[in-house]
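K.L.:
Quick one: structure below, then a few questions.
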Amino acid sequence: MLTTPLPHETLDAPRAGDLRADRPYAATEAWQVESGTPGGKVPRDGKRRRASAVLLRRRLALALPALATGGTIAALAAAAYPITGWLGALVLGLFCVLMAWQSFTAWQYLYGLIAAGFGDRAKSALERRSDGPVPAPSGRSRTAAVVAIHAEDAVAVFAALRVMARSLARAGAEDIDLFVLSDTRDGAIAAVEEHEFARIQAWRESAGPGLPLIRYRRRTENVGRKAGNIGEFCETYGHAYDFMIVLDADSLMTGAAMRRLVGLMEENPRVGLIQTVSYAAGRDTLFARVQQFAVRLYAPLALRCLETWQGPDGSYWGHNAILRIEAFASNAALPVLPGKAPLGGEILCHDIVEGALLRRAGWEVRLVPEMGGTWEEMPTNLVDLLGRERRWCQGNLQHLSVLPWKGLRAASRWHLAVGILSYLMLPLWIAFLGLGTWQAARTGDLGLLGYGLTGTGAAAHALAALTVAVLALPKLLSLGHVLVSPERRAAFGGTRSLLVSAALEQLVWVVLWPVMTLFTAGAVVSTFFGRVVRWDAQVRDDRRVPWTEAFRLQADAVVLGAVLALGLVLAGDPVLALWMAPLALALITSPAQSVLTSSAELGRLTRLRGLFLTADDTAQASELAELHQTRALPAPAKAAHREPQAAVLLAADEA
């Protein structure tokens, strides 16, 4: 593997023999703990059996009601709308599968609400410790916080790195070093990275003591993509570090959060990885602000459910997490899948697979859903989000080949299956809506397309009530969870701001859902037909989508919407036309949606009006405020061409 070291790259950390002699949590001990041999603090067999029994009961408490609800909906649907021909059978089958999936989603939120009501009693001991004081460095370990990048905006990456360096200094985190691991092959972009690294080194030397070491390494051959980048670091530098905090180019984490993670790893020798929840923050387009609000509002209950039932069988999301380097390097190496891309070859969505391999080796993989101080950024417009979804779709469908691997835990297989099913459900939705519309036009009754709302009889009424409940419960429960707490309401700007924002978010979701579903369903189908997606660098800025780009990329949605509208007119059924009109209108206007929601001016206007506020607006962390202040500085000049010599000028000194 070829790498490009820079003059500043000499590591000051001790070698393995100097550092690991007195570790009470070395990799071998995890095996001692797992097998019960001396040397580890192991729960007795009875206690471990009780813990397993508790975990089993928690999982059954989620699975059984979800299965029962899905089965009840299927029985009611069959009773209210008996099968008449092949079309009726297809519509009924699709409806039952989709509502079973929605039932599972609804029960996750209800389960999460109940678990949240139990407070600390529903949390693991590790998570309870994550809420405590920030631990001081113990002197027993060293940690590398690594930012893996590939052709990113180097000015933005190093600006965030500077914020994290200051935060680490404030937290007294002398045991954490910062690394930028570049896979950039473009010479012009690499020149900017090197210039920014030189600037941050000069800043560190002039800023006084207490700042962490900052290192930069670039590979000239990015074998294995990000997974290979991280793996190469483990091989080359892993001897000097016990733990690694993995960050993406758009990640931000406070020094206090990093210190908490290190402390948790030191205290829990059986844990191989701890995943945090990084909330989206920091972007101003209307699309971004709606996303940031929605994730803050709706994610907590689902995450509480996830942590409660999975226990030590967690998953890895690829960034804003800490891992034990020796465990990761020894057990999480990825094979190349048999066959050709898109379903074969290099594993693209590698993080969840790496987490499953760690768990297979006996290491615990934990989630701390409520630990603050960790953020990321999301695509700032619909077009860029759909591009990311296409990439993620291919990566998740590759996991069909991973599911049968020997030795994987049942929970790990379920994590993989959920990712696969979340994409496979979308073509089923398109099929259900299309076939259901056809059936309704032929029979003159909405039937299952209307979820039983237009039906007669007890079965249809019960079906309508239960179906509407499973569709609406996730958002209603999340909203209620916030409303009952003055502290949580205040984080969203107060009751009025919360309610108005939630109503507007639902309206935006209704408008955007059709094109998002259509596009991603198309990605699923095209992946199975062999279309390979390029994994290029993501666009992370507040980008305004041009009208030409929106029409070019969403012309198929406009055409489909127009065909649907024409079909509704020809059908001559006013009830069906009224029911399906929002869907047709959303598809026809999808280019306008992309353009208008990509406006940063509209996004900033909503903030001024007190809409789509989150805790990152109402109680902003100093690190976020500092990063925003950095972004407000005059932008560097753009280079007219791609020569490395000119590219260095992109990174102008700060004002």
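Just so you know, glycine gets a Cβ as well, placed from its N, Cα and C.
All annotation found in TrEMBL is predicted automatically rather than curated by experts.
These came from TrEMBL, pasted as-is:
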DOMAIN    245-435  domain 'Glycosyltransferase 2-like'
TRANSMEM  60-80  transmembrane segment
TRANSMEM  86-104  transmembrane segment
TRANSMEM  416-438  transmembrane segment
TRANSMEM  458-478  transmembrane segment
TRANSMEM  515-533  transmembrane segment
TRANSMEM  553-571  transmembrane segment
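Each of these features: where is it, how hidden is it, and who are its neighbours?
P.N.:
Predicted-model confidence for the domain 'Glycosyltransferase 2-like' (245-435) is 97, expressed as mean pLDDT.
Outside the transmembrane segment (60-80) by six or more residues, the chain places 92, 95-96, 99-100, 103-104, 106-108, 111, 305, 309, 448, 452, 455, 457, 459-460, 462-463, 466-467, 470 with a CB less than 8 A from a CB of the stretch.
For the transmembrane segment (416-438), same-chain residues at least 6 beyond its ends with a Cβ under 8 Å from one of its own Cβ atoms are 87, 90-91, 94-95, 97-98, 101, 349, 352-353, 356, 393, 396-397, 399-400, 402-403, 447-449, 517-518, 520-521, 523-525, 564, 567, 576, 580, 583.
Residues 69, 72-73, 76-77, 79-81, 99, 102-103, 105-106, 108-110, 112-113, 297-298, 300-302, 451-452, 502, 506 of the same chain, all 6+ positions outside the transmembrane segment (458-478), place their C-beta atoms under 8 angstroms from a C-beta of that stretch.
Remote same-chain residues near the transmembrane segment (515-533) are listed as 341-343, 382, 385-386, 389-391, 393-394, 397, 423-424, 426-427, 429-430, 554, 556-557, 560, 586-587, 590, 593 (criterion: CB distance under 8 Å, separation of at least six residues from the stretch ends).
Below 8 angstroms of C-beta separation, residues 383, 386, 437, 441, 514-515, 518-519, 522, 577, 580-581, 583-591, 594 of the same chain, each at least six residues beyond the ends of the transmembrane segment (553-571), sit close to that stretch.
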